[in-house]
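Written out below as structure tokens is the structure these notes cover.
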Amino acid sequence: MEPRFLVISCVNVLQFAPVCYTISPRDGGLLFATSSVFVLVVSSLYHYGICSNKRGHIWVCLRRRNLSGDPLLSTFKMEMQFASSCPALASGPAGNVFGNLVTHILAAQCLLTENWPKDSLSRVSDGDVFDFIVVGAGTAGSIIASRLTEVEQWKVLLIEAGGDPPLESVIPNFSGATHWSDHAWQYYAETEGETNRACKFGKSFWPRGKVLGGTGTINGLLHMRGSAGDYAPWHTSDDDGWDWKNILKYFKKSEKVVDPIISENPELRKYHGFDGEFIVDQLNFTNTEIANALVDAYKELGLDYIDDLNGPTQMGVGKIRGGNHKGKRVSTATAFLNPAGERDNLYILKNTYANKIVIDVSTMQAKSVSVTLSDGTSAVFNVKKDIIVSGGAINTPVLLMLSGIGKKEHLEELGIKLVADLPVGQNLQDHVRIPVPITIDTGATERTEKYWLEAAAEYIIHGTGPHSTNYNQPNINAFLSVPGDKLLPDVQIDHNYFFPNTSYLYSTCSNIMSFNDDICTQFSEFNNNKELLIFYVSLCRPYSSGKILLRSTDPTESPLIYSKYFSDVRDMKTFVNSLKRVTQIVETPTFKKMNAELKRIYYKDCDHAEFASDDYWECMARTVTYNVYHPVGTAKMGEFDDPAAVLDKRLKVKGLKGLRVVDASVMPSIPSVNTNAAVMMVAERATDFVMEEYLPENIKTEL
């Protein structure tokens, strides 16, 4: 019998981190298995397809007879009959053409996956000694581990609580699905009553990456660094190495900018790197008409168009760039860890939990890290030089406090023996935002299933289209201040655009923004037969700060997160004035042509306020509060005599030896923009601190 192609769907597999591979069914033929579709070359009536995922297996069987007793069906079964009306399906030259097309699409999807570095569990033993131990393979940890293993004499252990990134993290438009998966720490801030009133459970959702590459593997891909003024508070002494001229060098070190708008402009080139590992490109410009309208309207509002938002200023409107190349995410895991994965001196332990750093209190020397391995056993790994904690702004202070490094009164409450009395977990800063819904009319119509099938094919074949960009963004950002003559912005605005009757708007509202049914139903109603443009207005430089505390001495228990948004009255005043300025955009000629209408969000605590008044916007800020997932500052660096500092300027824990912190928690103040690029800079700067201290002079010259 001629082979025949048969395509069937695999139900709900995308959410289970699918793995692409090929197997041979029992009776011959070839199966191409992917995350959502099977293609089976049929050569008899009995064939089995398998869709693999990290939680088990879903078996699909194709057979003429009833399969209720078939032992191979382990999770669910599907019966399907061959269509007798098409007996020559996929046979002959025409069938070969169509079959080759389907095969190409499926093979291309499999090529989207990365060759992640192997787990080193079989290469290590309890009590092993390493030159360096890096805790956390996130944005910073991946860079540090890669850079340190460039020195062949150094043996480096990298410990990561998560595993390999799923396919959803690679495809930009699906990365939001990772926030509620096993690839993220699903933290919530504590209910404080003053903000987040319309969030589910009254709590702000704080997902953090639990995966190679960390939060840089599940974030919105933006690569933004801010400007010199953002880092002025970091530079407190002449020789500390944190002046703008110096840190710009470290921003550039990782970068490989491929956008010709920058690379071919002599003025812009001087702000960028072109030989680094991390590819920075213009994010795909999918919703072109909307993006152009936004640029025109912001210019009518008085903002300048900025060719490069990573140039000397962000004050204005411009296209955004990020870790994105040919439609795929670029993270520090893909850019740094993958190329280093085969090095003999790099040991990576995945799905391994660091429980405690062991300190010799007689010498105040960090000696080892106690862990729970992926197989459930315990182990202790020893270090010769430095333990480098790169767990991020939440998990780093947790590990330090569990190890006896923190505020004395808090540790004593939990019965933890004090090693160093330092303000660990304090100074928590984050960008806070609210969504501002505006309906528009450009004549766009509802997107059908056919549109999304075409989008999937376009992405698979060309790496372009809706799936190559993140979260329906037109990829335009604006920065402004009130009044407008400030050197640094007060707010950052990014946008989501939804075609009429977008089916996933409610889930975006519920799962990404974490709002309750009342709010999400209103958003869906705004979108009924209308285009919806959501402006996310974020406070760039908050005065308010929160804290992180231990909930218990159990390393697996979520910490207490107190965000304290708007606890400083200056933040609310700035935010309300900025919201009033931003929403003037509906009065611009461009938005009037689109019949733009600012929509009121109804909520019981705010219904008394006049729409768009100061009272209304303040109430909205306290109700539809939505964090931007940019926590920093919880192990602040500073001068040695700074009582608020946990670290010195070389990122060593004050009063201890052999213990450094390298991640977002070291930041004394939050930059005006997305924080991932700044974390990369910190990692590059820290690498040089380590090299300067430990690298022999002859090897320094070689490197």
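Glycine too: its Cβ is placed from the backbone N, Cα and C atoms.
Automatic, uncurated: that is what TrEMBL annotation is.
Keep in mind that what you see is a predicted model, and the values were worked out from it rather than measured.
Taken from TrEMBL, the feature FAD binding site applies to Val211, Thr215. The Cβ neighbour count for Val211 (FAD binding site), using a 10 Å radius and every protein chain shown, is 30.
Summarising the annotation, TrEMBL assigns domain 'Glucose-methanol-choline oxidoreductase N-terminal' to 392-406. Counting residues 6+ beyond its ends, the domain 'Glucose-methanol-choline oxidoreductase N-terminal' (392-406) has Cβ neighbours under 8 Å at 135-136, 138, 161, 185, 187, 206, 208-209, 214-215, 354-359, 416-425, 428, 548-550, 553, 555, 559, 561, 631-635, 646, 653, 656, 661, 663-665 in the same chain.
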Secondary structure content, the domain 'Glucose-methanol-choline oxidoreductase N-terminal' (392-406) (per DSSP, counts of residues): 11 helix, 2 strand, 2 coil
Intrachain C-beta neighbours of Thr215 (FAD binding site), sequence separation six or more, cut-off 8 angstroms: Gly138, Thr139, Pro207, Arg208, Gly209, Gly392, Tyr629, Asn676
Averaged pLDDT, computed only over the residues in the domain 'Glucose-methanol-choline oxidoreductase N-terminal' (392-406): 99
